[in-house]
Amino acid sequence: MTSSKTGQITIRSIGAGGDGVANLPDGQIYVPFTLPGEVVNVARDKNRATLMALLEASPERQNPACRHFEDCGGCALQHWQDEPYRLWKRELVVGALKGRGIDVEVAPLVACNPHTRRRAVFAARKTEKGVLLGFNRHQSHEIIDIVECPVTVPEIIARLDDLREVGALLAPGSGPFKLAATLTESGLDLAASGCGKLNDEQRRALTALVIKKDFARLSHEGEIIVEPKKPLIHFGKVPVPVPPGCFLQATAEAEETMAALVLAHLGKARRVADLFCGVGTFALRIAEKSAVHAVENDAAALAALDRGVRHVQGLKPVSIERRDLFRRPLMPKELLPYNAVVFDPPRAGAEEQALELAKSKVEKVVAISCNPVTLARDLAILQKGGYRIERVTPIDQFLWSAHVEAVAVLTKGRQ
């Protein structure tokens, strides 16, 4: 097959991005929504191809859980049965570690249930027929107007029409914008972006609608427009008033799993540094048994953590520090007071911090990541510095996607 022709190919594997991979004389091509062993007709465009016809289906193929699958770009792998899908996702972590020469125990993938994603960031656009609200088509800016989503919590999906009403008041002409909905204990927290400057009339109308529809809050580009109820989420026993757009783990059940792994490894550590702590996802749970120093560059997240701590008794001391750990990682001397360190950086990882941590005498480390490649890089740095990687646990909190969370626990010296 030439680089711009149609033809028949056989899928050999699933790539790291969730697409089927076929090996051709002039290189690999990637075909979404296919499975290993399948024979397919495709239309090729350089190293990518569109599935035109499924000629021989894999026995591992199943009916997708959503009517929008293959149109909506949110999911890549609903068509794959659970067992091979989970083995493949675990292998993403195993492969990344092996790529750095790390041979360590990788636990079976911890599965997460459908209907548990607590935040959805919808693409939206106003049309003559109303507001389109959903997700972008695979590798496109076209918005697929959804009526269901088996990934997202029902509390959000049940409010799609209400969200469209909010979108109609936000809409900047016919241009696209984003409307995120997060499930909190106080109700849905809405955060809009890309809508341009809101005028006074829009603000009044939005305020009335948010109150009428019983949403907890609406913000625009980080500015709170109306907040009938303070959006709260508990981390352990601490209720935290989460700021607009703050980082949260994708699902509450995955967060509980990660927290349990963190706490089990820390054991009786007296003092813990929680780096890239966010709003206190782990720090506030750790504080039930250990003194915690929570470090984060997001001022709003730190302020929310601090407000949560001030309203709960019985915690060990919690100190906070605003710091850009990419530019100013904690140095070995600064790490001397701590028995343990937890770090959960963005997808880019924590290379600079890992380099300093590797030189430290900290006895226990927990590394959490949504990117196996940067996690493996950081673990290799720590391993070179004398840390022993005890175990890595992959967690499927990004269901039917090519993304996977992982928690690694490490030790150094006598335990």
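Cβ from N, Cα, C; glycine included.
The model shown is predicted, which means the values in this text are computed figures rather than measured ones.
Packing around Cys370 (active site, nucleophile) is summarised by its Cβ count: 20 other Cβ atoms lie within 10 angstroms of its Cβ, all protein chains included. Positions annotated as active site, nucleophile by Swiss-Prot: Cys370.
The [4Fe-4S] cluster binding site annotation in Swiss-Prot covers Cys66, Cys72, Cys75, Cys149. DSSP classifies Cys75 ([4Fe-4S] cluster binding site) as coil under the three-state reduction.
Per Swiss-Prot, S-adenosyl-L-methionine binding site is recorded for Gln249, Phe276, Glu296, Asp344. Counting every protein chain shown, the Cβ of Glu296 (S-adenosyl-L-methionine binding site) has 24 other Cβ atoms within 10 Å.
When Cα-Cα distances from Cys66 ([4Fe-4S] cluster binding site) are compared across the recorded positions Phe276, Glu296, Cys370, the shortest belongs to Cys370.
Rounded to a whole number, the distance between the Cα atoms of Cys370 (active site, nucleophile) and Glu296 (S-adenosyl-L-methionine binding site) is 18 Å. Neighbouring residues of the recorded S-adenosyl-L-methionine site, listed in sequence order and excluding Gln249, Phe276, Glu296, Asp344, comprise Phe247, Asp274, Leu275, Cys277, Gly278, Thr281, Phe282, Phe343, Pro345, Ile368 (Cβ within 8 Å of the Cβ centroid). DSSP assigns Cys370 (active site, nucleophile) to coil in the three-state reduction, outside any helix or strand. Cys370 (active site, nucleophile) has its Cα within 10 Å of the Cα of these binding-site residues: Asp344, taken from Cys72, Cys75, Phe276, Asp344.
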